[in-house]
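Visitor: I grabbed these lines from Swiss-Prot:
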type    : residues  : note
LIPID   : C1239     : S-farnesyl cysteine
MOD_RES : S630      : phosphoserine
MOD_RES : S731      : phosphoserine
MOD_RES : S737      : phosphoserine
MOD_RES : S760      : phosphoserine
MOD_RES : S813      : phosphoserine
MOD_RES : S974      : phosphoserine
MOD_RES : S983      : phosphoserine
MOD_RES : S987      : phosphoserine
MOD_RES : S1020     : phosphoserine
MOD_RES : S1022     : phosphoserine
MOD_RES : S1025     : phosphoserine
MOD_RES : S1132     : phosphoserine
REGION  : 812-842   : region 'Calmodulin-binding'
REGION  : 1065-1105 : region 'Calmodulin-binding'
Amino acid sequence: MRSRSNSGVRLDSYARLVQQHTILCHQNPVTGLLPASYDQKDAWVRDNVYSILAVWGLGLAYRKNADRDEDKAKAYELEQSVVKLMRGLLHCMIRQVDKVESFKYSQSTKDSLHAKYNTKTCATVVGDDQWGHLQLDATSVYLLFLAQMTASGLHIIHSLDEVNFIQNLVFYIEAAYKTADFGIWERGDKTNQGISELNACSVGMAKAALEALDELDLFGVKGGPQSVIHVLADEVQHCQSILNTLLPRASTSKEVDASLLSVISFPAFAVEDSKLVEITKQEIITKLQGRYGCCRFLRDGYKTPKEDPNRLYYEPAELKLFENIECEWPLFWTYFILDGIFSGNTEQVQEYREALDAVLIKGKNGVPLLPELYSVPPDRVDEEYQNPHTVDRVPMGKLPHMWGQSLYILGNLMAEGFLAPGEIDPLNRRFSTVPKPDVVVQVSILAETEEIKAILKDKGIDVETIAEVYPIRVQPARILSHIYSSLGCNSRMKLSGRPYRLMGVLGTSKLYDIRKTIYTFTPQFIDQQQFYLALDNQMIVEMLRTDLSYLCSRWRMTGQPTITFPISHTMLDEDGASLNSSILAALRKMQDGYFGGARIQTGKLSEFLTTSCCTHLSFMDPGPEGKLYSEDYDEDYDDELDSGNWMDSYDSTRNARCGDEVARYLDHLLAHTGPHPKLTPTSRKGGLDRFRAAVQTTCDLMSLVAKAKELHIQNVHMYLPTKLFQPSRPSLNLLDSPESPQDSQVPSVRVEVHLPRDQSGEVDFQSLVSQLKETSSLQEQADILYMLYTMKGPDWNTELYEEGGSTVRELLSELYVKVGEIRHWGLIRYISGILRKKVEALDEACTDLLSYQKHLTVGLPPEPREKTISAPLPYEALTKLIDEASEGDMNISTLTQEIMVYLAMYMRTQPGLFAEMFRLRIGLIIQVMATELAHSLRCSAEEATEGLMNLSPSAMRNLLHHILSGKEFGVERSVRPTDSNVSPAISIHEIGAVGATKTERTGIMQLKSEIKQVEFRRLSVSPESQTSGGHPSSIDLMSPTFLSPAACISASSGSFPTVCEPQTSKDSRQGQWQRRRRLDGALNRVPIGFYQKVWKILQKCHGLSVEGFVLPSSSTREMTPGEIKFSVHVESVLNRVPQPEYRQLLVEAILVLTMLADIEIHSIGSIIAVEKIVHIANDLFLQEKKTLGADDIMLAKDPASGICTLLYDSAPSGRFGTMTYLSKAAATYVQEFLPHSLCAVQ
């Protein structure tokens, strides 16, 4: 027998420590699970995974350093102990498969997997609502180490059913970036009142698990295509974005948490920004580290002497008692040791190993045991309060703490050289901060038709058509969403697969290998089934620019991203003979190699096959679930052929004769997700009959195209296997009447519809239908259809045409197509609101904004009209809430949804625009947009309203960006026509300070919707009513297009002037500061560090009062200065002020008060009325101005707030600046509490 080497002896000592004293001695021999401790027999998922890591590491070390055969046996035994535990946890979770299925759709805490199980039986131990079960980090850390252990050679997953379950666990955690849970400490909000919140630890761990599992074969080297896990890259990047936004904060209620060490370093390595990693680490060291370890988070009451063991939850004001006496956990020093090993920082490793050795407790036979935590002795609490980190603490809790003990042993194995970082991290997650190579985005431009190809060639752009890229197949993005919805399906386990969600740009920028056929998918934004945004060519260019920029910064996959950008007939000018100028300019820039800050390589799809990222969708291959399309697919074939609704089933019948199963499946999906024309042109029936016969006899694509052309079938592309573009709906005769001059440009006057009456005085609907048929005005058609919609219902048959298809809904849909073709944006928005067209990305846009810790409000203040959205809502609930806040006004509702989508776009690409903004008030933003147009164009509120509603989506988005960015901008009428000749020619451009546009005070306080009054007036129009004239001042407010913010504001408050006064001041900057305050107030923008300063001032008074609403000083007893929760609390008080510029002046007054927080006095008063300070400052301002000769006209006051308009328009600094007067006012107000030397403020 060979003698043992020193390393062998050392390994044996660690084996005894693990097997006989600390971990494996507690493992259940049947389930493989580990109890939390001697007195807590339940098995926590997270604790079990971390506790087995030492066993896994020891097994790897034995396998690597085996001296003799017994060592190899020992390695196998240890590794199988790991497999047994991981499979035990798998059995626990797989017994709750119904919860996994439900949670994918609900994200509800009631549908979550349990956090702990019975060690002996794998059964649940407490009820769904009796514990904070939703802990996404626990599920994620299990999946992360499942991936790492599988990559290291362990075989944990044994069947395809288990593979499908793991795939569904991926769906379970992929929405972590928008799911509030209870976090790693199971408590949620730190008040421990069962309030879930978005936790950085959960988001980071989920991101790591998703990346680790992507394309991983769970059967290891013995696997095949069916055992591979698939992850959508866009979900990973959502987690990455939210994580970067959260850090170094841990959640809304925790400004820092030591658990973030597991996110920025081992095991997750989830952060790619090395600077952010260092910032977060230093925050933990600075705020949480003590003599015995680190606190979990500030004001953590767990096992402190002041915690009441008889109560589960804390009182909010009670949290102040835990400050400076939080328990310290040696566990976190083990993370610092591992971090030092992975980062190569030997000094850090040595420092924390020595520190940890000092707090270890020697057990029986000198075994080193790591206690759970160290607490302040009850009799020395006051001493610790006075001098933090000076009192000697005592160990408490579990001994050993298996989670910490395991990481301690793992750290020692690595520090002593038994394990290399690559062995414990075979998936190389430790290289996350290594700079990535530059990304070159490959763009393949495709033409819808040969005609478009010829037009592009005339411009020097050589492209292919859809047909020419065959056998590569092109599909819209929604088809990829449907394909992924079959991933993970398992009928035996009742798992439905991935929920249908819109596909992100990362997903559509890959090529896909599906049964030996290459597919490419077009970006989501060009899908015209969506909202009307895709009708605007400039908006398409902007969305393309955004996607290209996003790809450059977020692409992490092997190979280059490839975007397939189709040019359709909708991207042509109205004559159909030339390309839209915006599209053409974008194509030329991409050909030059740069667009939107991204490096571009244009070319043919076939040229990109070798350089693109290509994913094999192995789950589309035949598997145990059988065919991927319904079994009755072929059985329905004959029925569909014989049915009268043949066109609706056309796609299925064609594919039923094709031999390609994948094409049949994809086209079957398309047939059920694309719109179908309600009417078939009778003039084409013969041709379609012959075309149908041709389809039945051939599957060859080119033959199909040739026969279609011979039969003069229009829109050939709608019959191709690659159903990229949707057919245009046939135009009804209603829309074929020649356009009147009013429709060729934006009418300045809206048409009053005359309601015909019968002899009994009731509305004569047949006469109204006749009027509908005869009128040539699109606006009047929309008005008549709206009245029919509200009075008779959407399904009322107008009997306009004998062949049918003349219900109100169908006629509105036809009108929507027509106004979409001519880009009449006011009517597009109006009809979209009537039809309740779904903004498919609305709920995702709302969720994205909330995920960045931004609360949303819709409607205008005050509450209850202004509705707050603080948690993700389903689409139906969200639209209902918006409708309620809009008080039934369709235009406001539609505009609110549109603005929400734009805000989400900017949040994803330019989050810096929203710095120091914790609540986005969409109603006020719309109000400011209308106000800016009214004053910049010097027009009436009605004209500004019409201009706002008729802005193209790209112009609306541009205006929003200028308002968010804080840059000075101008709005003016353009002399050159727009591309559509319909939308108003308004240009928005950035200008310098000297050329800033003048804005005058609006005094807008509220939005009072008049939808009911307007409807009543419209329905009771007398026959004698005359049509208005053509002067802009005689605009008919009864037109539905005027049910927009500015018009309603004007009607309710009368604060809008009919026509803006011309500028009389020589100073072109007059109104600049008032405008700036109005914008900042509407956006809730505050100075950097404002909330921390408010927290300090609350320490020295009883509270701050704003318009009767008090921000109490007790808030500081619950919340710390850096909490988002505190910032939102302050916002909720300030938002009681409906007028934006007045609100901003109150912010400035509070900022002056915060300067007093640095003065060494105990108190500066009881409750400070902030508005009184502002009014004192206003009086001082008026008094001084009068002494300088200002008259009453110049010093006019705002009737709503009583503040002089000149004060609103004063710069903050300078002799006559607002800060000067506010400082004097604050000193006057609180002088009785200040030292005499500070009372004389100059």
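Even glycines carry a Cβ here, placed using N, Cα and C.
How about a rundown of where these features are and what they're close to?
Guide: The Cβ of S1132 (phosphoserine) lies under 8 Å from no Cβ of any same-chain residue at least six residues away in sequence. Classification of S1132 (phosphoserine) by DSSP places it within a helix.
Through the fold, the region 'Calmodulin-binding' (1065-1105) approaches residues 915-921, 924-925, 927-928, 931-932, 935, 963-964, 966, 968, 993-1002, 1111-1113, 1115-1116, 1119-1122, 1126-1127, 1130-1131, 1133-1135, 1139-1145, 1147, 1150-1151, 1153-1154, 1156-1158, 1161-1171, 1205, 1208-1212 of its own chain, all at least 6 residues removed from its boundaries and within a Cβ separation under 8 Å.
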Visitor: How does the region 'Calmodulin-binding' (1065-1105) divide up by DSSP, counting helix, then strand, then coil residues?
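Guide: So the counts come to 21 helix, 3 strand, 17 coil.
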Visitor: Under a three-state reading of DSSP, tell me whether S813 (phosphoserine) is helix, strand or coil.
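Guide: Assignment for S813 (phosphoserine) reads helix.
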Visitor: Taking the Cβ of S813 (phosphoserine) as the centre, how many other Cβ atoms fall within a 10 Å radius?
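Guide: S813 (phosphoserine) is surrounded by 19 other Cβ atoms within 10 Å.
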